[in-house]
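Novice: OK, Swiss-Prot features for this one:
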type     : residues : note
TRANSMEM : 33-53    : transmembrane segment
TRANSMEM : 77-98    : transmembrane segment
BINDING  : 83, 182  : heme b b562 binding site
BINDING  : 97, 196  : heme b b566 binding site
TRANSMEM : 113-133  : transmembrane segment
TRANSMEM : 178-198  : transmembrane segment
BINDING  : 201      : ubiquinone binding site
TRANSMEM : 226-246  : transmembrane segment
TRANSMEM : 288-308  : transmembrane segment
TRANSMEM : 320-340  : transmembrane segment
TRANSMEM : 347-367  : transmembrane segment
């Protein structure tokens, strides 16, 4: 008799994706973050569902409903902080996952990579809209500033902003639609993630060496299921430590003040995971230029396969490219720090230099370095 997991139409799909999946025997812990992102998404959907049961998307009651969740709902504060800090864990895993893809040349799987970039943009949009929902000062002003960027688009800009707002300012209509979008997008993300996985399983996983591992595959279960569970335990431990010891560490104190359109906070800034892009936006004095640079900072990922000039796929045996990669990581950390600083000397010039360096490394230095490495190896 054939095993049910190999014959049942539904079980067969699960089996081919998570049990009998042939996996390279040498993939490292950097390959754990895909499964961690799946766990983060499930956690966010579940905690978000319970929050939505008690939240009201009306400007007069939104802030109070969040306070009610924290004070009166059984373990509401745990659910709320799991959701807020779960988003931070989500982005930590996302950045590492993308970084791994860049380092080991995983972007050569074009379909998987392009769906991944779409996923990144969708998750960023979802997180931004979620940040608006508690209707604190930073929620309101963050929404106002970021949606206002659309007005930089020539000719249709102003109409576009008012269309997004549903009025002449960020108000009840904006909050209601942001709540609706914030609720539906995670399910779209789940669907996209399934497509992402589908494309990945067409080609099989990459591995640290960047060369074909067809002759050296092992089943996903039990080897990588155990490995993924260990990674998940570490992530959950980190998340619970954050939630139970310092839940407001990554938040903004201004968001504990109800939204007031008549009072602008001294420093408007988004959540920490958007600060690198925010720093690039602010480093250009021109509004349209800043918006284009902001978009380019993420969309540049789509160009990665075209910018790959090395004869080797992975950076494992390319020390010059490795140095550049870690300079890029340091540059992104610098941009994240700058994004949270006030717009004054010396932060302005540091931000501008870091922004130039970001694009310079990706568009110029990495391709040239790869060509030099090819020549050194006489390829």
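A Cβ is built for glycine as well, from the same backbone N, Cα and C atoms used for every other residue.
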Novice: Could you tell me whether the transmembrane segment (288-308) and the transmembrane segment (113-133) have 3+ CB pairs under 8 A, leaving out pairs under 6 positions apart?
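Specialist: Answer yes, regions in contact.
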Novice: By a simple count, how many Cβ atoms lie within 10 Å of the Cβ of residue 201 (ubiquinone binding site), its own Cβ left out?
Specialist: 14
Novice: With Cβ distances under 8 Å as the criterion, find the stretch in 33-53, 77-98, 226-246, 347-367 that has the most pairs with the transmembrane segment (178-198).
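Specialist: Of the candidates 33-53, 77-98, 226-246, 347-367, 33-53 scores highest.
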Novice: Would you kindly give the Cα-Cα distance separating residue 201 (ubiquinone binding site) and residue 83 (heme b b562 binding site), rounded to the nearest Å?
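Specialist: Taking the Cα atoms only, residue 83 (heme b b562 binding site) lies 30 Å from residue 201 (ubiquinone binding site).
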Novice: What is the interatomic distance between the Cα atoms of residue 196 (heme b b566 binding site) and residue 182 (heme b b562 binding site), given in whole Å?
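Specialist: Here the two Cα atoms are 21 Å apart.
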Novice: As a test: from 77-98, 226-246, 320-340, 347-367, pick the stretch that has the greatest number of Cβ pairs under 8 Å with the transmembrane segment (33-53).
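Specialist: Between the candidates 77-98, 226-246, 320-340, 347-367, the best contact partner of the transmembrane segment (33-53) is 77-98.
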Novice: Mind giving me a neighbour count for residue 97 (heme b b566 binding site)? Other Cβ atoms within 10 Å of its Cβ, every protein chain shown.
Specialist: 20
Novice: If I restrict to non-local contacts, at least six residues apart, and a C-beta distance under 8 angstroms, what lies near residue 182 (heme b b562 binding site) in its own chain?
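Specialist: Listed in sequence order: 48, 126, 129, 130, 133.
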Novice: Give the number of CB atoms, excluding that of residue 196 (heme b b566 binding site) itself, located within 10 Å of its CB.
Specialist: 21
